[in-house]
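Peer 1: Submitted below is the structure of interest, expressed as structure tokens.
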Amino acid sequence: MDCWCWGSNQQPSGHRARSLTSSPQLPLLKALRGLDHKSALIARQGLLSLPQHTNCLTPLSPTEAVDLSDSYQFGDEENGLGGNIDDKINGNWISAPAGTVHEARLKAKAKRRLRKNSSRDSGRGDSLSDNGDAVRSAAPPTSPKGRVLDRRSRLGKGRGLPKKGGAGGKGVWGTPGEVYDEEEVDVRDPNYDEDQESCVYETVVLPLDEEAFTKTVTPIVQEYFEHGDANEVAELLGELNLSSMRSDVPLLAVSLALESKASHRELTSRLLSWLCGRVLTRSDIENAFHKLLRELPDLVLDTPTAPQLVGQFIARAVTDQILTKNYIEGYKGRVDCEHARAALDRAAVLLKMSREAGLRIDNLWGSGGGQRPVNQLIKEVNLLLQEYVLSGDTVEAERCLRELEVPHFHHEFVYEAIVMVLESKGDKTLQMILKLLKSLFDSSVITVDQMRRGYERVYMDIVDINIDVPCAYSILEHFVDKSFSTGVIDAKLRDLCPCRWAFGRKRLRPQL
């Protein structure tokens, strides 16, 4: 079936068409252009059923015929048509007022514009106003990714608001700001159980076996040696189900401390005192030392001084009142192991000295390097240097310096050593101090930075030292030259040595 368009300039072959301008149906056709799709289709069927003797039809493609209902107005369509317009519905011609047709045309135009805008960008909040015009919100266009995640309707319907008030879609638990209350149990629920209301849920921690205990507690104790926070250790142990292995905590801590430094042993004694009454009981501490005395033969293989050290731990525990005073007396005549007997004898002697001679057992191990006062460290450094000058044993001096555990304070050792050289008489002290500094520098006990800082401190205080030692400048210059020749300092540090009559030193370098 051929389709025809009114007013086309093309003519079908074998037919002759007259101009549409002379057709009497022109006003009716122009009015029908503003109708919706259904009305235009009905009108088109009625018009196409006219007799062909009018000879005012031209062929039209099917696509153009379908788009006829969505075409825009021309000419006087925008101004509206006066009077009534006849339309044919179901074979009956009816008359419709021009105002009704004009309103239908405006609404159809607004709907077409809204559908095009909604399909182009669903993120724009387009909606219809009360008078039928399209209203666009101020929201900026969203990105392609934002359009994918947009929850607003893409069908061009509604006001452009999110679906279900923003509470719809996958992974959404209600509207923003909604607070969920505790769900009450419904008695009429088929799955309702009376015992469900009185049920109490608790976290069950399985007890540790021997292997798991060692892997779990050993890192805790080793980390404690670094930070020294006993409260953190107590919290970590409280989270574990130690059950019958509580007495193994002091045993493991003391065993690790025997192979560590004196400062770690002091920390271990403080840890046992802190844990007693919080995580451990007195009976746990007594059982731990009882196991420790029985394992002394094996501990001696790794730590030859284990009996003396265990005896000091026992004496410190009695002083801290985590062991009873009758603990040592309970082993009299019941110990066959010589190592255990030596440990108990050491503890008894220390306790007797504390009662009669006023020995402070609480400071038995001494305090850690950084925890001691500066004045106390300076006194220990001076005692170390004086003992070395008397004995001349560089190995013992190095061991004592390491036991101080103050590598950040070695510049004080270098400073006190040079001041001792400046205040001494004769060349013997100079040679011995130079030998000691050379040995400590070669063994990396004293670093380059600490050595440089010690020499620079002497350079800064040489004016005050010269008041007490008149020849301090000449002795210092001689000592600095010797230090450079032995490789203790470099040329740059040697050139910084102050001179008595000038602010700097001028050295003649050989010309190459």
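Glycine is treated like the rest: Cβ placed from N, Cα and C.
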Peer 1: Write down the single range among 1-22, 67-88, 353-374 that appears in TrEMBL as region 'Disordered'.
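Peer 2: Here TrEMBL associates region 'Disordered' with the stretch 1-22.
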Peer 1: Using DSSP, tally how many residues of the compositional bias 'Gly residues' (163-174) sit in helix, strand and coil.
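Peer 2: Breakdown, helix to coil: 4 helix, 0 strand, 8 coil.
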Peer 1: What are the DSSP helix, strand and coil residue counts for the domain 'MI' (376-499)?
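Peer 2: Residue counts in helix, strand and coil order: 99 helix, 0 strand, 25 coil.
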Peer 1: Can you tell me how the residues of the compositional bias 'Basic residues' (107-117) break down into helix, strand and coil by DSSP?
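Peer 2: Helix, strand and coil residues of the compositional bias 'Basic residues' (107-117) number 11 helix, 0 strand, 0 coil.
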